[in-house]
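Colleague: When I checked TrEMBL for this same protein, it listed these features:
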COMPBIAS  18-34  compositional bias 'Basic and acidic residues'
REGION    1-57  region 'Disordered'
TRANSMEM  176-196  transmembrane segment
TRANSMEM  202-226  transmembrane segment
TRANSMEM  247-266  transmembrane segment
TRANSMEM  293-312  transmembrane segment
Amino acid sequence: MNVSRRLLPRSGRTGVWSRHEAREVGRNPPEDRSCVPGGCGSRDGDERRRQGSSGPAARFFRPLLPCIQNVSLPVVRCGTRGALDPPCNAVGYIDRRVLGINHMYQKPAWRRHRACTDDSPHEGPFREDAPAWCVAPFEPEGILSSLSAVLSTVVGVHYGHVLVHMKSHTDRLRQWVTMGVALLVLGIILHFSHAIPLNKQLYTFSYICVTAGAAGVVFSALYFLVDVVSLRYAFAPLRWVGMNAMLVYVMAAEGVFEGFLNGWYYESTNNTLVYWVRKHVFVKVWHSTRVGILLYVLFAQILFWALVSGVLHRARLYWKL
C-alpha cells in the first residue's frame, strides 16, 4: 500500500511531501484546526456530534472526546480523518505539534515498509521513488500511544485485583476468562470490521483489546494447570524466569548478553558465535530462515535463559531492586 499519495503538502501541491517539508512539518505545522477547549475537528463532524448527543454527560465530554480519539482528530492535510498510515496518523500528528520532530525517534519501523525499500520487511537502502515520510521522524512511544498503553496497565491491575480479593478458584477463573474473552472478541470485531484496525505502532484500541484479552485467557489457562491441577513441575521453568525476570529482560530481551558475544569475532563481524549458531544449527538444518530464527529464539534465548534462571534459583541468587 503506497500511502504517500494521500498526503497533501503545505504548499497546496497535490502529491507527496518533499524531504524538506517532511522535516519542516514539526517546526511549522500547517494551519489547521487544533484541539482547543471549545472542541476540534471539522464543522461537519461537530454538527453531527451536536445532533447526536444532548445529555449533561455528553455536553461535558463533547469538547474533550475529539481531542483524545484517533478517529476524530484533524490530520495533516491528508484529505481524510482517522487515518492510520505513516504520514497521516493522529499519533504522529500530536507528537509533531507538541514535541517537535527534533524530540522524536529518527529511525521508525516504517523505514522497512515496502514503499521505502526493496529489502522489506528488513531495513535496507531507500528506493529512488521512496516517499518523503520514509525519512520522517516518528515516536513509537508518543503521547497518544502512551495514553493508550495505560489502558493495558489498568486491565492488568484488574487481573491482579481479582487474584487478591477473590479466594475461590472458580470465581477467579470466571472473572479472568469472561473479561479476557470479551476483550479478545471485541478487538477482533473492531479489526475485521475495519472500525479500528490492529496496529502495534499506534497502539490502537483494538490492539489493546486483543493483547489484553489474550493475556487474560493464557493467564487463566496457566493458573488452571498450575494452581488447580497442580502441574507445578511441568511449568517450573516459567517460575524460574519469573523469579529472575529483571535478569532475563536485561540480558535476553534487551540483547545485552548477545551483544557482548557479538563483540568477539574472527576476521569479520559476521564470524561470531551467535551468528554461527543461528546460521548452522538452526537456519541451515531447517532450510528456512523464518523457521530457523523462530527455533533460535525459542531454544537459544527463551529455553537457555530459563535454564540459567533455574541454576540461579538453586543457588538462591536473584537480581532485584
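Heads up, the Cβ atoms here are built off N, Cα and C, so glycines get one too.
Show me how these features fit into the shown structure, please.
Modeller: Sequence-distant neighbours of the transmembrane segment (202-226) (same chain, 6+ residues past either end, Cβ-Cβ under 8 Å): 70, 84, 89-91, 144-145, 148-149, 151-152, 155-156, 159, 169, 172-173, 176-177, 179-188, 190-191, 195-196, 232, 234-235, 238.
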Colleague: What else in the chain is close to the transmembrane segment (293-312), if you only count residues 6 or more beyond its ends and a Cβ gap under 8 Å?
Modeller: 236-238, 240-241, 243-244, 247-248, 251-252, 258, 277-278, 281-283, 286, 318
